[in-house]
Amino acid sequence: MALLDVKEMTQYFGGLCAVSEFSVSLEPGQMVALIGPNGAGKTTVFNLISGFYKPTRGDILFKGESIKGLKPHQVTGRGIARTFQNIRLWFEMTVLDNIRIAQHHALGYGLWDCFLRTPRYMQSERAIEDHAMDVLTRLGLREVAHEYPKNLPYGVQRMVEIARALSIRPALLMLDEPAAGLNSSDVEGLIKLIGDIHKDFGLTVWMIEHQMDVVMTLCSWIKVIDFGATIAEGGPAAIQNSPEVIKAYLGDDTI
Amino acid sequence: MLQSFLQNILNALQWGSFYSLIALGYCLVYGVLLLINFAHGDIFMVGAYIAFFVSMVLLGKYGAMAGLPGWLVLTLAVPLTMILTAVVGVTLERIAYRPLRRKGVNRLYVVITALMCGLILENGNLALLGASRKSFPTLIPVQVYTFFGITVTNIKLMVIGVAFLSFLLLHFIVTRTKIGMAMRAISYDRFAVPLMGIPADTIIVFTFVLGSGFAGLAGLFFAMTYPVIDPYMGALIGWKAFIAAVVGGIGSIPGAFAGGFLLGFVEIMVVAFFPSTFRDLIAFSILLLILSIRPTGLFGVARRTKI
Amino acid sequence: MKRLTVPALLAAIFAVLLWATMTGVLNAYWQSVIMFMGVNVILATSLNIINGNMGEFSCGHAGFMAVGAYVSSLLSVALFAKSAVFGDPLLSPDLAVWLFPLVLLAGSLAASVVGLLVAIPSFKTRGDYLAIITIAASYIVKSTIENIGVIGGARGFMGMTGVMNAMNDTAKLPWILIWVFLGTVFSVCVIRRFIYSTFGKGVDAICQDEIAAEIMSVNTDRVKLVAFMVSCGLAGLAGGLFAHILGYVNPGTFTILKSTEIMVMVYLGGMGSLSGSVLAAILMTLLIEYLRDAFGFINTFLHYISVIPDSYEVTQVWKWVLIPLLLVLLMQFRPEGIMGRRELADVFPGLRKFYKFKG
């Protein structure tokens, strides 16, 4: 059974059709890419799936259940985590706290436990902290656990954001332009990191990316959209040679 | 029955005019700076006091000059009050808001500053002039006209007329003139506007001149209609005018104007059927309800967050 | 040792206060100053959850205080004292000592329910609009109280002195001081536990990036609801204590000026700093008390050097010019307040030796 099954998802903003009849089916363990020119509606697709917008039409099935209309935090609780195009960490609190807060879905206690510091509360807090440190260690971020993200270099901030998404223990990780703003040596590190994460955590990874070396190295399947509509899909080689894709990126050469 | 209904409508038009005039000021400043100028209600109060002193001086009550006839005093008091109140508003902008804007601090700090400036104006006035109420001099004799059992005074007609004219003027300035276009541009992107060669600070000062000037005008006419003024008169009516602006969809000039009249109608109708102490309760409850259901107000448009 | 330092210190302060009050070392005036300090600490720390940690701008805290004040006063008078409104007490006045905390609790629960008036709109509304809603809510509360004639309307409600006397009959102790002290310690402790938990840190996450919080599994609606209800509930507790210190309540006390006073404390202390709020509340209480005396002195002095006309008296009204002015200046020159977002233990790391610091 497909992990994520998006069926003819369509979204209008006023009269503008941002995403039109978008369908995709992701098998567990796949690594796929969503590419397209600027303004094609890629981030909107991610926003629709993560529950930030509710699609006008169509349905989204995750592990066989519809997640359409769920609130973002519920979607995340089901096992879909994502990162953002522009880094959205909580810059005024430590890296460790950033990870801890992302465990709200796994909070095993309520307000009263928190007032009374019940065993349940203590246990849950300890588990959360151990898990957070564990994720940070696995990504080699242990040293920065008590730093504030605002003081970290851009590349490390990106890593922290990925760590935060991973700490949710997702089945599906959606990366929105993970390589944006990174220099070429950082990009190489990123390619290795994503490959490792994919293997170690046994995830399905879906990314939006403009840098073709990232996409072509990592992804087995690529979907191309433009003006909200799918224009091509297939393996890396097929996409590279697709006349539709070349036209979308470079324009029509008949002019 | 019909008569009392029509009479109430007329009263509501007058009452709503004040709300509209003040709401327009809120709306202008918010539209340009996205700042709720919480001190605006108190600028209205200061306007009423300025009108009081201007009229007293012109009428020769302080002995500084020979008294002028009432109608002339009114004609002179309108521009003088507007200019002096505008000066107060601009001063506030210069000494309190602009330095904060320059520093690029959190918007919250500007809002707090605005609220505090309002309190300073209110209590400073109380401290300087005392809590005793002042009665506003009669500038033009009140004439009562009766049509089909409905009574109208000349002041009432004047107030309603002034409100409509002000609305048309402001609407014209904002939508049809170059400076209005610059005002709208600032509200879209305050940082890009100076790069396009538009002097943003000048435009902002102009906005405060307009907003405060019309608050002063409202203060003058309010004092003429209800000829008792006190330092706290601006607080409650300011809040309620703000409600009106929000209900109409803050940032939209027709919205503020319509919201003012709507609130006027609601309040007059509440008083017609309930004890008058319920008026504020119901006005504020309506605000709460509207904001909970439609956070952008009746005419407002939500800005989409981009992620 | 770490675990015991703070409780031991508090117990010592409590013992000294009790001793000083009973032996009369602390006169009635200073007793009341200390009690208002406690009430202000509760108010400032509870408002800090909203205005500091959540970064919202609530300016109607006094309204929730009013709810707590009225509900607990009405209850305590109805239960334990003879009054014109309720007649004979429903319970034996001997029980007052034991049930008083429950009365206060009822007041705070009522306040946190009224807090829903603000909490529910906060799901959709932020910033300036929410500020308006808080003001509207506090006006609604005040206006409602003024319209209920049975409990005194705009004239206010009294009779709480009877309750205090009933407690004194049971055991001769400065009861209200004890309750204020316990209430303050309770509030600060509850708030500390809340905001340092992973759950409570969600409030800071909402402040810094609400969209990220929602997408990173924080149920923002629930966190906001809880934060508002805790904050309003504690304001209600402060109101209950306040009413019993004075022995009467009056809706005119709970105006926007009262809310402003609390806001000044929060911003003076530093947004989001719990220890900052506590410090600022203590400082502000002393400052306000000092101003009370100072105005008489300033007035005499200014008349003596003939700066102001003889007919003009510098009075208490100036307090309400000075306090907002203080906040305006604070916003201009040090908007982060005394402590910024830091806590005492960040400023003086040596303190970490004495208490467990987790955050």
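Every residue, even glycine, has its Cβ placed from backbone N, Cα and C.
TrEMBL lists transmembrane segment at one of the ranges C:266-287, C:288-309, C:310-331, namely C:266-287. Beyond the transmembrane segment (C:95-118), the same-chain residues lying 6 or more positions past its ends with a Cβ under 8 Å from any Cβ of the stretch are 58, 60, 63-65, 67-73, 75-76, 79-80, 130, 133-134, 137, 140-141, 163, 166-167, 170-171, 175, 179, 182-183, 225, 228-237, 239-241. Sequence-distant contacts of the transmembrane segment (C:130-153) (same chain, six or more residues past either end, CB-CB distance under 8 Å): 56-64, 66-67, 70, 74, 85, 114, 117-118, 121-122, 251, 254-256, 259.
For the transmembrane segment (C:225-246), the most Cβ-contacting stretch among C:30-50, C:173-191, C:266-287 is C:30-50 (pairs under 8 Å).
Pairs of Cβ atoms less than 8 Å apart link the transmembrane segment (C:30-50) most often to C:266-287, out of C:62-83, C:173-191, C:266-287.
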